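Marked as transmembrane segment by TrEMBL: B:12-30, B:36-57, B:69-91, B:111-131, B:143-163, B:183-201, B:213-234, B:269-288, B:300-319, B:331-352.
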Amino acid sequence: MRRALRLLTLLLCMALVLCLCGCWNYTEVDDMSIVAGVAIDKDAADGKIQLTAEIVDIKGGLNQNQAGFKMLSLKGKTMFEIVRNMISLTGKKLFWSHAKAIIFSEAVAREGLIKTMDWYSRDTETRSDVFIFVSSEPTAREILNLNTSKKAILSFELAQMMSDEKFTSTAPNVEIWDFIDKLETSGNHAVAPLIYVHEQNGKKNERVNGCAIFSKDKMIGKLNGKETKNMLFAKDGIKGGVLAVNDIHGVPTYSLEILSSRTKVKPKLVNGKLSLQVRTVTRTGLDEVMTTKDFSGNEGISSIEERASKALRQDIESVIRKLQQEYHADIFGYGEIIHEHQPKVWAKLRDNWDNEFVKLDISVDSKVIIENTAKTSRSIRLGD
Amino acid sequence: MGKENIPAGQSISIAVLFIIGSSLFMGASGQSGNSSWIAIILAMLLALPLMLIYARLHVLLPGKDLFDMLILVFGAVAGRVLSCLYIWYALHLGSLVLRNFGEFGKSVPLTSTPMLAPMLIIGLLCVWVVKGGIEVLGRSSKFLLLFTFGVIVVVQLLSIPKFQFHHLLPVLDSGWKPVFTDMMGSFTFPFAEIVVFLGAFHALPQKGSAVRILISGTLIAGVIILLVTIRNLLVLGPDLLSSLYFPSYVAVSRINIGDFLTRIEGSSAIVFVTTLFVKVSLCLYAACNGVAKVFKLSSYRSVVLQMGLIMVYFADFIYKDIMQMDYFAHHIYKIYALPFQVVIPVILWIAAEILARKKIRKQKTAQN
């Protein structure tokens with residue numbers, strides 16, 4: 001009896017093994033379609049969303065050392081519907097964890113991004129650290145389609161580009177998470193990098209430069225690369241990049257490499273009137289001198305600093321004016337800063353912030369400091 | 001079977017893990033936005049007097065647990081009725097916590113697994129440990145607490161690069177009112193839930209230790225919850241925080257150390273499971289102990305499996321969906337739990353004091 005009971009227990013335990021043998025939803029890698037990036041367009045004719053996915057092709061040959069890719073495109077009414085319907089094209093469920101880029105066409109962006117973005121941030125299979133872009137070309141998919149001529153996975157290239165973006169600072173670095181964060185925060189509007197097709201000698205290349213300005217979730221305008229850099233200066237988003245400085249005659253002569261930059265925004269209340277003081281301090285290294293004139297004297301360096309500071313101040317001012325007058329959109333997050341430091345004033349401004357921002361008195365003060373002159377201490381001297 | 005006994009250190013571990021249990025999952029209730037940390041500090045302070053009352057019960061009626069106390073103080077019938085209420089509360093709380101875990105599994109890592117499967121497995125584990133006795137639970141908590149500490153500290157350090165301190169400004173953005181609402185929320189869930197621990201008070205070492213156990217348990221757990229809440233706030237910001245069901249999980253998923261150390265949220269979810277395991281086990285223990293006391297069973301062990309299965313099954317149908325769960329946890333629970341956590345214990349305390357005085361007077365008159 002006792003032995004029979006033991007045997008029964010053992011059998012039951014072994015039966016348990018059957019349901020403990022691993023994951024319930026186990027999927028092999030070759031049963032998944034790994035998405036690298038997506039492009040989202042809107043069909044003007046029937047108003048449907050068109051989703052184009054760049055998929056990593058994991059079938060590798062012996063002499064093929066790079067993963068291939070394939071493109072899938074499908075139309076539908078909602079994002080998730082399309083994503084699931086794609087199974088009818090691939091026969092495999094799409095796997096989103098490695099997606100790196102989402103490109104929206106301008107039409108989609110102008111109509112409002114929440115429509116297409118919500119699924120991506122809500123779903124549990126997707127991750128919120130994917131980069132977003134707005135296509136400056138008529139459609140978003142033609143950018144992803146560049147991969148056929150480049151023979152490389154474009155989305156991964158874009159991700160690489162964004163992680164090196166800090167050395168040029170001509171486009172903002174925006175993850176879908178940051179974008180939604182900006183949408184939810186009051187006193188702040190979102191931006192997204194713009195992406196072009198850059199054509200030269202018949203060779204097409206993608207180029208990220210400039211940014212799209214949003215008011216709520218709708219795109220309302222664009223800034224070019226230089227303006228974007230000044231915008232980043234105004235909102236403390238600069239991590240690196242180059243400042244070109246003119247010489248006394250207005251000829252571009254010097255290049256300053258930005259080592260670090262800090263922007264401080266201070267709201268000030270004087271006699272009940274609110275004004276903002278934007279102060280930037282940029283530490284740079286002199287990295288290029290396109291002249292033989294000597295600058296090694298202290299005056300030379302300090303006059304370059306002075307000119308650079310002045311030019312930077314004017315640039316930042318002009319981009320702030322542009323946003324105030326043309327777009328009425330506070331993409332700098334100044335409203336949020338006022339909220340944090342002057343909550344009582346903000347309570348009055350909050351509901352009408354876009355209009356208040358236009359009237360806001362913003363003064364800019366920039367300081368550029370040259371800390372080193374790279375490897376050489378003077379300009380190249382011509383021998384006699 | 002000899003008398004069960006858990007040393008003070010193990011009891012503190014149980015208390016800490018019990019309190020941080022599901023609040024690590026669900027996050028503190030967040031109407032007060034960026035001032036939720038103030039609400040937690042206030043709730044912690046508010047919980048301290050309550051802990052003193054609980055501890056005083058242990059001094060007044062040493063060696064007794066909640067159910068003994070109720071029957072002793074209120075008489076055989078009324079005491080049993082109140083005991084039944086507490087059995088219900090412990091059972092219900094255990095189910096709620098299991099369901100939190102089930103919903104977490106369903107909505108994040110195991111989307112196509114039926115919710116019952118993970119809940120049943122954890123539930124059976126809890127049945128096993130409760131059958132083993134409160135001492136087993138004490139020993140495992142002491143070990144699990146170290147592990148939990150380790151993971152929380154590491155995750156906390158790794159999140160530092162994502163901290164945005166301006167999220168804390170302006171302090172008290174929306175005024176004191178939501179802070180007080182949140183304070184009540186955090187007071188009932190999780191701090192005052194420790195009332196369930198009263199169901200295991202007979203196992204505590206003798207006189208006076210209950211104060212130390214409850215107060216230090218509350219303080220340690222309070223500090224952990226505070227750190228986690230502030231981390232979530234700094235990483236996610238008050239606006240997004242309010243839209244998430246499982247803020248801690250999302251906050252950890254933001255960690256990215258040099259594009260190398262990413263996606264560690266899955267491993268950090270282990271902490272959820274360990275704390276939840278302790279919480280459910282203690283609830284189950286209290287419920288079974290109550291049943292044994294009410295029906296004068298010789299040992300609570302004979303009902304553990306039944307109660308455990310009821311708990312798991314109850315957890316399965318207690319809510320319709322996650323929206324309901326969120327609403328209950330953050331809106332209804334703070335009113336529902338108040339009688340169990342405050343009203344009945346306070347009445348019990350007053351009655352026990354009177355009883356104790358009477359006893360002393362009787363002894364005096366007897367001596368005279």
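Even glycines carry a Cβ here, placed using N, Cα and C.
Please treat TrEMBL annotations as automatic predictions, because they have not gone through curation.
Keep in mind the model is a prediction, meaning the values are calculated, not measured.
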Near the transmembrane segment (B:300-319), which same-chain residues lie under 8 Å Cβ to Cβ, leaving out any that are not at least 6 residues past its ends?
91-92, 94-96, 98-99, 102, 115-116, 119-120, 123-124, 126-127, 130-131, 280, 283-285, 287-289, 291-292, 325, 328
Check for me, if you would, whether the transmembrane segment (B:213-234) reaches the transmembrane segment (B:269-288) - at least 3 Cβ pairs under 8 Å, residues 6 or more apart in sequence.
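Answer no: the transmembrane segment (B:213-234) and the transmembrane segment (B:269-288) share fewer than 3 Cβ pairs below 8 Å.
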Quick one: do the transmembrane segment (B:183-201) and the transmembrane segment (B:111-131) reach 3+ CB pairs under 8 Å, ignoring pairs fewer than 6 apart in sequence?
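Answer no, regions not in contact.
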Give the nonlocal contacts of the transmembrane segment (B:36-57) in its own chain as ranges (CB under 8 Å, at least six residues past its ends).
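The answer is 28-30, 69, 171-172, 179-180, 182-187, 191-192, 194-195, 197-198, 201, 210-211, 213-215, 218-219, 222, 225-226, 229-230, 233, 238, 341-342, 345-346, 348-349, 352.
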Give the nonlocal contacts of the transmembrane segment (B:143-163) in its own chain as ranges (CB under 8 Å, at least six residues past its ends).
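Residues 13, 16-17, 20, 224, 227-228, 231, 234-235, 251-252, 254-257, 261, 264, 267-268, 270-271, 274-275, 277-278 contact the transmembrane segment (B:143-163) from elsewhere in the chain.
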Quick test of the contact rule: Cβ under 8 Å, at least six residues beyond the ends. What residues does that give for the transmembrane segment (B:269-288)?
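Residues 14, 17-18, 20-22, 24-25, 66, 86-87, 90-91, 93-94, 97-98, 100-101, 104, 108-109, 122-123, 125-127, 129-130, 134, 137, 140-141, 144, 147-148, 151-152, 196-200, 248-249, 300-301, 303-304, 307-308, 311.
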